[in-house]
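The structure appears right after this line, and notes come after that.
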């Protein structure tokens, strides 16, 4: 963020309790899905190698910096060759930390995610002076898994999701069984279980209590069930280039569906 972009209340930037430094991408200031966090476990060690203090760098320049930008800023104190910079990028252990979005009823959403989607409530914190509460949920510890950070702003029970956010993808062993459970808990199913168009993968679509969409994907056991975040962009090539250069992601695959006038690109 800068961590959490406020809607109706001012929310002070803060760091999650993880042992890594982070690179951050803000996604939207107008919808409830408002940021995704990235981490770099080698940022501090490499900053010290190049004569920089990571904490001072963040305070002076802000935390929305790419690895390459941070390295280039170090040139004022230490000469860095192109080979050294490339070595830094290759050894960097970045990963996505969590996605943050706003909900209207925190307890209701936690109940749905834990009972229907099998997530665990990892931790919860209340900041009364800033009038908001956070809850972190996922399928494993924050230091090794991608997790969801829910934000509840005091007195705000409804938001406009907007058109940029698409859905989250969750891998499950049995889509039909999961959908039955969600129906039994009063959840909304917007697409019944069945093979994806033009493929064999069994999927279904559901909505959480606030209207966020989840795609259930039938797969075998996986250490990270929370496997996708689908966003819509205005310029696909520009977005791909940004994620590759700023965050070191790789383009995994691409798919064009001219009959639906849509193109997909998947980066990791």
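Glycine residues also receive a Cβ, built from the backbone N, Cα and C atoms like all the rest.
The following features are taken from TrEMBL:
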type     : residues      : note
ACT_SITE : 215           : active site, proton donor/acceptor
BINDING  : 149, 167, 215 : Zn(2+) binding site
DOMAIN   : 95-219        : domain 'VOC'
DOMAIN   : 225-268       : domain 'VOC'
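Feature annotations (TrEMBL) mapped to structure.
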residue : record                             : CB count, 10 Å
149     : Zn(2+) binding site                : 24
167     : Zn(2+) binding site                : 17
215     : active site, proton donor/acceptor : 20
Cα-Cα, the residue listed as 'active site, proton donor/acceptor' versus residue 167 (Zn(2+) binding site), nearest Å, comes out at 7
